[in-house]
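K.L.:
Encoded as structure tokens, here's the structure I'll be asking about.
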Amino acid sequence: MISLSASSFLNKTGVPGCSTHLSLRQPRTRTRTSPAFFRVVSTLGSNRDPNGSVLIEAASSSLETSASADIVVPKSTVSGGVQDVYGEDAATEDMPITPWSLSVASGYTLLRDPHHNKGLAFSHRERDAHYLRGLLPPTVISQDLQVKKMMHTLRQYQVPLQRYMAMMDLQETNERLFYKLLIDNVEELLPVVYTPTVGEACQKYGSIFLRPQGLFISLKEKGKILEVLRNWPEKNIQVIVVTDGERILGLGDLGCQGMGIPVGKLSLYTALGGVRPSACLPVTIDVGTNNEKLLNDEFYIGLRQRRATGEEYSELMHEFMTAVKQNYGEKVVIQFEDFANHNAFDLLAKYGTTHLVFNDDIQGTASVVLAGLIAALRFVGGSLSNHRFLFLGAGEAGTGIAELIALEISKKTQIPLEEARKNIWLVDSKGLIVSSRKESIQHFKKPWAHDHAPIKDLVDAVKAIKPTVLIGTSGVGQTFTQEVVETMAKLNEKPIILALSNPTSQSECTAEEAYRWSEGRAIFASGSPFAAVEYEGKTFVPGQANNAYIFPGFGLGLIMSGTIRVHDDMLLAASEALAEQLMEEHYEKGMIFPPFRNIRKISARIAARVAAKAYELGLATRLPQPKELEQCAESSMYSPSYRSYR
């Protein structure tokens, strides 16, 4: 979309002041030979038609579309009505036409512009100035009342997916109201716009798809990815969230329908981290899918072919990464989401030294879980080096968490990283990872192959390893059985049990099961939200180890400091900042994560710590360093409050 104010447009060509906003929409085209130029009439004096619109004509020309186009007074169309300028009405059905859509950003068009629409919150003065009389009911209401009305409407829906669809529809019609609603009701709406509901939305994305959000880059765009990026209307991009859809939450390969994840994550970047919506770009890389159900689904929106692998996949990803850097520069944050293990680690290793990349499944999950473990020490005592950890799941999340725990122990105790790893054990689908399996396991599992006899079952591993902390990242529901939890409770006065797999259906156990089977002694947190649990007269509030605690503030810290590379020490700084947000009242309820209602302040604190670490490491480019980084973070956050229009 080309969007400019008539005042700035006309002033560049010598015509004095005009405040009416002008929106010129045209299809992006790479054909350089015959775009259109626009003849615009000043809104001064009699050049305005009776409806108050700026008169616009489009004509074929060999000129480039630009602000330097000639300003020419066209013939009046007042008496003759609307002319068929583009030949659209005269064309037969089999004749091609040019889909021009030219309009003034006032009146009917303004109400359908999600960036500027305010609905019934337009004041009487704004309705007069922007030709909205008659297009809206006569009442004027505040944004707060709009929020109240929307929450009332959302609560009428019994099905979570209906709430999700209503929220996405609001985002496409009134952007500021969407973010105001989400910020003011974050604890209630976070499960709607993100996990667990977003998982169902991705599964059914083809059926509920109405309007495209983000960029879809498929194998068909190979060799043209830079051109595709330039099709996106916003140019000042600061954060990109990208997925290839191969491992969506715990649901597996959803192909192109994984777009719901980047869209949801970037909504949280804005709502929780304060990054401007216009600076966010969701991207799905479509290389096919191995999901037979989707390939046979008539509503599937992606490529109908098996997944590309090997060199073909690598070449497409490399072209994408190169094009992003060329188009948006070195300081754009690229967040990898829900790539399968075999690609996730390789992409992070390959581009970690050349791009500002961050893998939320590996690094974001690790940072938030480490924060929870640091907070849990308040209940169990000692330091991380005094504890023994057992993971069910040895993929991106499991090995990422394990490595960050080991790194934190190494830094705090000054012991070698290899030594710190020895108290951390992992169980995968074939059992306990031990040294005798070293030749047959994937490279990212090898650091965790310790000397021990092979063990197949989780409960036997718990009995043998005697962990104080049990962490589930398997993506398989109900794997923390009653016997497993009871064994943990026999071994520990306060067992730490983290069932982190998403969505709720894939959680290793529920909060109620963890508290009941441990007789109310477990320190519990999960990946998806669970309601408070009553057990023997006491109320337990389960924590949610949600990556949304970390990545919005982490990304904001990278942006505000102009950081060019991510360093592990930044992840440790983010974890420590999050753990410090817990108050005594939270500990009394058994919580190891703070409430989400204060998430913007939490994000600002995390952003300040991350930025400070970037400056300390010499990775920040925005100089000089601000004296008050937290205040700087808060002041730079996007506000969803309505603006007044001239």
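Just so it is clear, glycine is given a Cβ too, placed from its N, Cα and C backbone atoms.
Annotations per TrEMBL:
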type: ACT_SITE; residues: TYR194; note: active site, proton donor
type: ACT_SITE; residues: LYS265; note: active site, proton acceptor
type: BINDING; residues: ARG247, ASN502, ASN546; note: (S)-malate binding site
type: BINDING; residues: GLU337, ASP338, ASP361; note: divalent metal cation binding site
type: DOMAIN; residues: 171-352; note: domain 'Malic enzyme N-terminal'
type: DOMAIN; residues: 362-615; note: domain 'Malic enzyme NAD-binding'
K.L.:
Just checking a number: largest C-alpha distance across ARG247, ASN502, ASN546 for the (S)-malate site, rounded to a whole Å.
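P.N.:
Across ARG247, ASN502, ASN546, the widest Cα separation comes out at 18 Å.
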K.L.:
When you put LYS265 (active site, proton acceptor) at the centre and draw a 10 Å sphere around its Cα, which of the recorded positions TYR194, GLU337, ASP361 have their Cα inside it?
P.N.:
TYR194, GLU337
K.L.:
Hey, what's the Cβ neighbour count for ASN546 ((S)-malate binding site) at 10 Å?
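P.N.:
Around the Cβ of ASN546 ((S)-malate binding site), 26 other Cβ atoms lie within 10 Å.
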K.L.:
Cα-Cα, whole number of Å: ASN502 ((S)-malate binding site) versus TYR194 (active site, proton donor)?
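P.N.:
That comes out at 11 Å between the alpha carbons.
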K.L.:
Using C-alpha positions only, work out which of the recorded positions TYR194, GLU337, ASP338, ASP361 is nearest to ARG247 ((S)-malate binding site).
P.N.:
ASP338
K.L.:
Can you grab the distance from TYR194 (active site, proton donor) over to ASN546 ((S)-malate binding site)? Cα atoms, rounded to a whole Å.
P.N.:
10
K.L.:
Take the C-alpha atoms of GLU337 (divalent metal cation binding site) and ASN546 ((S)-malate binding site) and report the distance between them in angstrom, rounded.
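P.N.:
Here the two Cα atoms lie 14 Å apart.
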K.L.:
Neighbours of the divalent metal cation site GLU337, ASP338, ASP361: Cβ within 8 Å of the Cβ centroid, same chain, sequence order.
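P.N.:
What remains near the Cβ centre is THR243, ARG247, ILE248, ILE261, PHE336, PHE339, ALA344, ASN359, ASP360, GLU396.
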K.L.:
If one measures from the C-alpha of ASN546 ((S)-malate binding site) to the C-alpha of ASP338 (divalent metal cation binding site), what distance in angstrom results, rounded to a whole number?
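P.N.:
Checking the Cα atoms of ASN546 ((S)-malate binding site) and ASP338 (divalent metal cation binding site) gives a distance of 15 Å.
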K.L.:
Using other CB atoms within 10 angstroms as the count, which residue among the binding-site residues GLU337, ASP338, ASP361 scores least?
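P.N.:
Minimum Cβ neighbour count within 10 Å, taken over the binding-site residues GLU337, ASP338, ASP361, occurs at ASP361.
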K.L.:
Among all the protein chains here, how many other CB atoms are within 10 A of the CB of ASN502 ((S)-malate binding site)?
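P.N.:
Here the count is 24.
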